[in-house]
Amino acid sequence: MSQRHLVKGKLTSRGKYDKYNDEYEDEEEKEEERKLLRKMDSRLLPLVTLLYVLSFLDRVNIGNAKLANIEEDLGLTGNQYNWSLAIFFIGYVLFEVPSNIMLAKTKPSIWIPTIMVGWGIVMTLMALVIDFEQLMAARFFLGAFEAGLFPGIVFFITMWYIRSEQNYRIGIIYAGATLAGAFSGLIAYFIMNLDNKFGISGWQWIFLIDGLITILIALLAYFFISDYPETAKFLTNNERTLAIKRLKYDAGSGHLTHFEKEYVLAAIKDWKVWSAMFIYIGIVIPVYSFSFFIPAIVNGMGFDTVISQLLAAPPFIFGSISTVIVAITSDRLATRGLLLLICCVISILGYLLLIIPGISTPGKYTGACIVGIGIFPSVPTSITWLNNNLAGNVKRATGSAMMIAFGNIGGAISSQIYQSNEYTIGHMIAVCFLFVTIAFIIIQYGLLKMENKTKIRNPEQILAGRSDSEIRNLGDLHPEFIYSL
């Protein structure tokens, strides 16, 4: 059997366990695979989605605390509130790569709940802060502990699903958090009704309740996270064998599972990782600035405060829906870059409606919804694109963490691009970053396509002069590993 073949016009690295290949699988094998996927989805996705939703809510609930008068109670002045947003991402960026390396060296059922307990404690203690300095310290440590969750979840998904199935799963997880963002204000509204109960302010109740819920779920997660297919107790022996075999066939000779420092260095030196980092930061700046300031942007269109909170929800809802649609389409068509490019273009069109003078209020609000439709699916698609093109657990964990860490520098930038009540300049900055992102997408797509052609036409050139040991450790550089476009 050939190790590479054309399936519906798409080149795949291996055949038998690719869900798009119909040539080598009989109906019985297909049904076994479908049953396995349903079983993994039902056990893995609800839990990790819940964990990420908690992470997202704990990160953005400071916006709800602002409405509950945290600025007045702590005496925040000038840009101090903006800096309390930015400091989170500094902690996030510094600890993201170390956290994912620790995840690769330990196991998800230990590391992920542990960092959750950490940020849950920090979130609970945030209810006790009394000034700007303490708030800054708490937000920094919140970012430090949360740093490992999203890249950890992405790495976790790649350990269970083959490349053509990953974007849908990551998209579902991200869409869940996006949808939660739409209703975070409603949740905070009910919590704020406890204002002054037992002498505790509304914003303190928000931090207390969110933090304690996180700690409780984290403690339960120690018992419910299944690490890897090899050790999963909820799978039968046959299912474990099938799950492992699918992953090996998908990666071909790029399948590497042991920990070596050289794989960390390989990720650091890989141009694909650096290109993905610049793509991701260009996406994250619009995503976070839009998420942080959409209530204020809507309010600036002339709506009152209450209506603005309600109208801030639909862009998130539309974004959640489009995230799932793009993820499904991306996996079924086995393409990443083209759909990512389209999403960025859609976002730019939405921003233009917000920027161009003379556009009516309904037109501007439609523009805000279009931004959500385009920008939110870009996050999981860009992350999946990189993870699909890195082979080996350690290199993938390191590269993914580098990408997300660098991108989250954009989170700090995003907290500063909207100043006062002037939003046009912020919109224009977001558009500029999206144009830069598009340029990197086109360049990366072209380079990956060229490397695939080299692997197909002249694999001997890649293997020439290498020892058997070096060939076994080539990972994604191996000619059998065909890059996802």
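Residue 1 is the first one shown; counting continues down the chain.
Just so you know, glycine gets a Cβ as well, placed from its N, Cα and C.
Annotation source TrEMBL lists transmembrane segment at 44-62 (among others). Same-chain residues lying 6+ beyond the ends of the transmembrane segment (44-62) with a Cβ under 8 Å from its Cβ atoms: 70, 84-85, 88, 112, 116, 119-120, 123, 139, 142, 146, 149-150, 153, 156-157, 160, 169, 172-174, 176-177, 180-181, 184, 187-188, 206-207, 210-211, 213-214, 217, 221, 224-226, 291-292.
The domain 'Major facilitator superfamily (MFS) profile' annotation in TrEMBL covers 44-455.
For the transmembrane segment (82-103), the list of distant contacts is 59, 62, 76, 111-112, 115, 132, 135-136, 139-148, 151-152, 155, 264, 292, 394, 397-398, 400-402, 404-406, 408-412, 415-416: same-chain residues at least six beyond its ends, Cβ to Cβ under 8 Å. Residues or ranges marked as transmembrane segment by TrEMBL: 82-103 (among others).
Here TrEMBL flags 110-130 (among others) as transmembrane segment. Only residues 6 or more beyond the boundaries of the transmembrane segment (110-130), in the same chain, are considered here, and those with a CB under 8 A from a CB of the stretch are 51, 54-55, 58, 74, 99, 102-103, 138-139, 141-142, 145-149, 152-153, 156, 200, 204-205, 207-208, 210-215, 217-219, 221-222, 225.
According to TrEMBL, the feature transmembrane segment maps to 136-160 (among others).
Here TrEMBL flags 172-191 (among others) as transmembrane segment.
Within the chain, the transmembrane segment (203-225) has long-range Cβ neighbours (under 8 A, six or more residues past its boundaries) at 47, 50-51, 54, 57-58, 61, 64-65, 68-70, 73, 108-110, 112-114, 116-117, 119-128, 188, 191-192, 194-195, 197. According to TrEMBL, the transmembrane segment annotation covers 203-225 (among others).
The transmembrane segment annotation in TrEMBL covers 278-298 (among others).
Per TrEMBL, the feature transmembrane segment maps to 310-330 (among others). Below 8 angstroms of C-beta separation, residues 167-172, 174-176, 178-179, 181-183, 185, 290-291, 294-295, 298, 303, 336, 339, 343, 365, 368-369, 371-377, 379-381, 384 of the same chain, each at least six residues beyond the ends of the transmembrane segment (310-330), sit close to that stretch.
Annotation comment: TrEMBL describes 337-359 (among others) as transmembrane segment.
Taken from TrEMBL, the feature transmembrane segment covers 365-386 (among others).
Taken from TrEMBL, the feature transmembrane segment applies to 398-418 (among others). Distant neighbours of the transmembrane segment (398-418): 79, 82-83, 85-90, 92-94, 96-97, 99-101, 104, 147, 150-151, 154-155, 158, 263-264, 267-268, 270, 272-273, 276-278, 280-289, 292-293, 296-297, 383, 386-387, 390, 425-426, 429-430, 433; these residues of the same chain sit at least 6 beyond its ends, with a Cβ under 8 Å from one of its Cβ atoms.
Proximity of distant same-chain residues to the transmembrane segment (424-448), defined by a Cβ-Cβ separation under 8 Å and at least 6 residues beyond the stretch ends, is recorded for 271-272, 275-276, 278-279, 281-283, 285-286, 289-290, 293, 337-338, 340-341, 344-345, 347-348, 351-352, 354-355, 389, 410, 417-418, 483-485. Residues annotated as transmembrane segment in TrEMBL: 424-448 (among others).
A contact between the transmembrane segment (278-298) and the transmembrane segment (136-160) is absent, since fewer than 3 of their C-beta pairs, 6 or more residues apart, lie under 8 Å. Summarised as a single figure, the pLDDT of the domain 'Major facilitator superfamily (MFS) profile' (44-455) averages 88.
Below 8 angstroms of C-beta separation, residues 40, 44, 48, 51-52, 55, 58-59, 62, 83-85, 87-96, 99-100, 102-104, 108, 111-112, 115-116, 118-119, 122-123, 125-126, 129, 166, 169-170, 173, 228-229, 243, 247, 383, 387, 393, 396-397, 400-401, 403-405 of the same chain, each at least six residues beyond the ends of the transmembrane segment (136-160), sit close to that stretch.
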